[in-house]
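Per Swiss-Prot, the features are as follows:
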TRANSMEM  9-29  transmembrane segment
TRANSMEM  37-57  transmembrane segment
TRANSMEM  73-93  transmembrane segment
TRANSMEM  105-125  transmembrane segment
TRANSMEM  160-180  transmembrane segment
TRANSMEM  202-222  transmembrane segment
TRANSMEM  244-264  transmembrane segment
TRANSMEM  297-317  transmembrane segment
TRANSMEM  323-343  transmembrane segment
TRANSMEM  365-385  transmembrane segment
TRANSMEM  402-424  transmembrane segment
TRANSMEM  444-464  transmembrane segment
């Protein structure tokens, strides 16, 4: 049986795969003392592919018949994955030089991006699982990248075991769906459900799949891996997990549930509301006593997943628009915060909140970016996070008023632990007065993330229009 393949629609994936193979070959043949350029080549390569995405936006359709859909939602999330890859590889070189094993990091980072891109276009169980496992396996390797560190090894082992368990749960759910429907295509499931209804076994399969996806987005109660892995992994990897991986996982989450189960929304929407409420509450409350900044940001990331889940409860395309907009501004703010943590940890070897005392005196730009990023995550106007939360919470007020109120309260709670960091950075005196010098790649990353966070807060319309255009296509 022949399969129709539209290679024009696969150009971004082909380019990323080619870049990964090129880097792999260069890592093998280039002497260690000459491998510094591999990091910069990775950033430039991913940036070039990202700049191609406006062209890709104009070309949509089924790339691989019945298995791989390239629509505007997929292109949007591929652009986010590439953007996360650009920023992470831009901030990683000096950090990886200090760890050692320099070039391998960039090879795995590129293949992680490829896994994300495959995942967000999947409309078939096989492509879904292929993309998910490519992304997961590369992140397992990256999480354990500090092989000489006990906490790094612990992070890798925990992620390996728990990711394996979650993948097994997801695969079992998918196998149940196949046994019940005799199809691997996500869209075909919707037609079968409409004609035949659902059975207890179907509900069980849905729960297994939901649990598997909930692990990937670190939703409560499947979040326990996140704090330990975020703290133990190299900081650029933590940034990548918190942004690119989370965005891609949310993309396939809502693609799966809204394509496969649109006619039985009432059976799963209440479960998602409960999941969102638990995730917001646990993430924010447990973040309060944290003393390690990376660990605090891990719980903050869990809470952010709860806010994003709220967008699933909207009854029209505004929920999709809100999810895409918020994931974009969350990605930018999170990259900004983790860039500061990466540089500071690389200079001082410290990542406790108290260790950032007086950062404003040592590096005003780092302090400003950290504060702007944290306040944006808290939803403080006029920053981008405020606009994002407005888009998320407003559509659900009518039908889910209690959840919108809870989300608002939890956002106010988050201000407390974010402001703790702000006070340490600006109020306390530093132990070391030595100014922190920044390489150009770091400096530009800091400036870009801060500028975009401020501009999108004041003028969110351009990004909101792009998200709305993609969301309306998806609803069709």
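Keep in mind that glycine also has a Cβ here, set from the backbone N, Cα and C atoms.
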(message) Give the nonlocal contacts of the transmembrane segment (73-93) in its own chain as ranges (CB under 8 Å, at least six residues past its ends).
(response) 12, 16, 36, 39-40, 42-43, 46-47, 49-50, 53, 56-57, 60, 102, 105-106, 109-110, 112-113, 116-117, 120-121, 234, 236-237, 239-240, 243-244, 247-248, 251, 255, 320, 324, 327-328, 331, 335, 338-339, 342-343, 439, 441-442, 444-445, 449, 466-467, 470-471, 473-474
(message) For the transmembrane segment (365-385), I need the partner stretch with the highest count of C-beta pairs below 8 angstroms, choosing only from 105-125, 202-222, 244-264, 323-343, 402-424.
(response) 323-343
(request) With a Cβ cut-off under 8 Å, give me the same-chain residues at least six positions beyond the ends of the transmembrane segment (297-317) that come close to it. (result) 217-220, 223, 226-227, 229-231, 238, 242, 246, 250, 254, 257, 269, 272-273, 275-284, 286-287, 290, 323, 326-327, 330, 334, 337-338, 341, 377, 389, 391-393, 395-396, 399-400, 403-404, 407, 410-411, 414, 417-418, 468, 471-472, 474-475
(message) Let me spell it out: take the transmembrane segment (244-264), skip the flanking residues so only those 6+ beyond its ends count, and list any with a Cβ under 8 Å from a Cβ in it.
(response) 73-74, 77, 80-81, 84-85, 88, 112-113, 115-117, 119-120, 122-123, 128, 131-132, 135, 139, 177, 186-187, 189-190, 193-194, 198, 206, 209-210, 213, 216-218, 301, 305, 308, 312, 320, 323, 327, 331, 474
(request) May I ask for the residues of the chain that lie six or more residues beyond the transmembrane segment (202-222) and have a Cβ under 8 Å from a Cβ within it? (result) 132, 136, 162-163, 166-167, 169-174, 176-177, 180, 193, 245-246, 249-250, 252-253, 256-257, 261, 267-268, 271, 275-276, 278-279, 281-283, 301-302, 305-306, 308-309
